[in-house]
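The next block holds one structure in the form of structure tokens; read it before the comments.
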């Protein structure tokens, strides 16, 4: 959190820095009231996530490590040849995504950023979104930031996109006419049938969901909720998902990354 | 006030949604059945506990001992027939937004002012007029408070 405040102080300049820090703190839920979905789980599921030998997400992490070191594309280069040891070069990276991508003038999420690298530096085709390979590489890169505080959203160029994400979060939609906020801000901790509603902090993606029997992205999870309220989900890769992720990650600023998390 | 509500309801339900029959709101109620006839409580109970059709138990609990996993986002349905009249229950189901714009109760028999409705759900209300009447008929029988 100190780093975050420092970043704002630098951009805001001398006189206004303190005021901006205070208003930021008020706009977001106080850290003491923010809870990861982890805290709503049974002790058994929590233990499954915390033990690398029982966490099924670690299978994807291992596969991602193999992909990291594998030569690919016309250039025959592996990720490791440019980036070196991921434990060093990728440390903290997933904790700050989505980031502003100058190439498009828009925010980009980690999965799409991996695909940009594949195209420009490996000269090969992108992995399909939600493919096993792309989830595996994302999980491996995410794993390098496990336990680190989320820092997404410090770049001022992200502000209008984050604001749009918040609008989407608060927009009622679907035949059942629910916004994300209706449940995850106003009714977290209550039960929707058998499920306890969490606060929707995306602290562990990609994550292993027992309901999926597999690893999935935040986009997949957002689609689940949209289908639940009988709304038309956006296609994978849509700008709306990136903006929602940007808003949610900024909202979770300071919370530790858990990738690969386990959820019911 | 009541007259204005009536006019609004007639205008919007006719203009926006051809498949939704016009109905008349009087105060905080729709006194007359949407179908002109009372519904069937047994069919209504089946809809209420059905998690694909009525969806009620996702948010509400109620006197349904055989049903596991009842929600607690909304008031318990036990005794709801003593708390509200038939006409009040009808409006709450048809379109609770008319009573409270901030409600999370879905509008079961309205199609106006909805955003990004899924392809499979477009141009139809959550429940048909007959189903709404069955649910109303059932809820009025829930007169025992816990």
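Using the three backbone atoms N, Cα and C, a Cβ is placed for every residue, glycine included.
TrEMBL labels come from automatic prediction, so no person has curated them.
Owing to the predicted nature of the structure, the values given are computational and were not obtained by experimental measurement.
Annotated active site, cysteine persulfide intermediate per TrEMBL: A:225, in sequence order. Around the Cβ of residue A:225 (active site, cysteine persulfide intermediate), a 10 Å sphere holds 17 further Cβ atoms from the protein chains shown.
Listed in sequence order, A:168, A:169, A:170, A:200, A:225, A:244 are the same-chain residues six or more apart from residue A:180 (heme c 2 binding site) with CB atoms under 8 A from its CB. What TrEMBL lists as heme c 2 binding site is A:180, A:183, A:184, A:225.
Other Cβ atoms within 10 Å of the Cβ of residue A:221 (substrate binding site), summed over all protein chains shown, number 18. Mapped onto three states, the DSSP output places residue A:221 (substrate binding site) in helix. The substrate binding site annotation in TrEMBL covers A:221.
The domain 'Cytochrome c' annotation in TrEMBL covers A:63-150 (among others).
Residues or ranges marked as domain 'Cytochrome c' by TrEMBL: A:164-257 (among others).
The DSSP breakdown of the domain 'Cytochrome c' (A:164-257) into helical (H, G, I), extended (E, B) and coil residues amounts to 36 helix, 14 strand, 44 coil. For residue A:184 (heme c 2 binding site), the same-chain residues 6+ apart in sequence whose C-beta sits under 8 angstroms from its C-beta are A:197, A:198, A:199, A:200.
Between the two most distant C-alpha atoms of the annotated heme c 2 binders (A:180, A:183, A:184, A:225) there are 11 Å. Taking the mean position of the Cβ atoms of A:180, A:183, A:184, A:225 as the heme c 2 site, the remaining same-chain residues with a Cβ inside 8 Å of that point are A:169, A:178, A:179, A:181, A:182, A:197, A:200.
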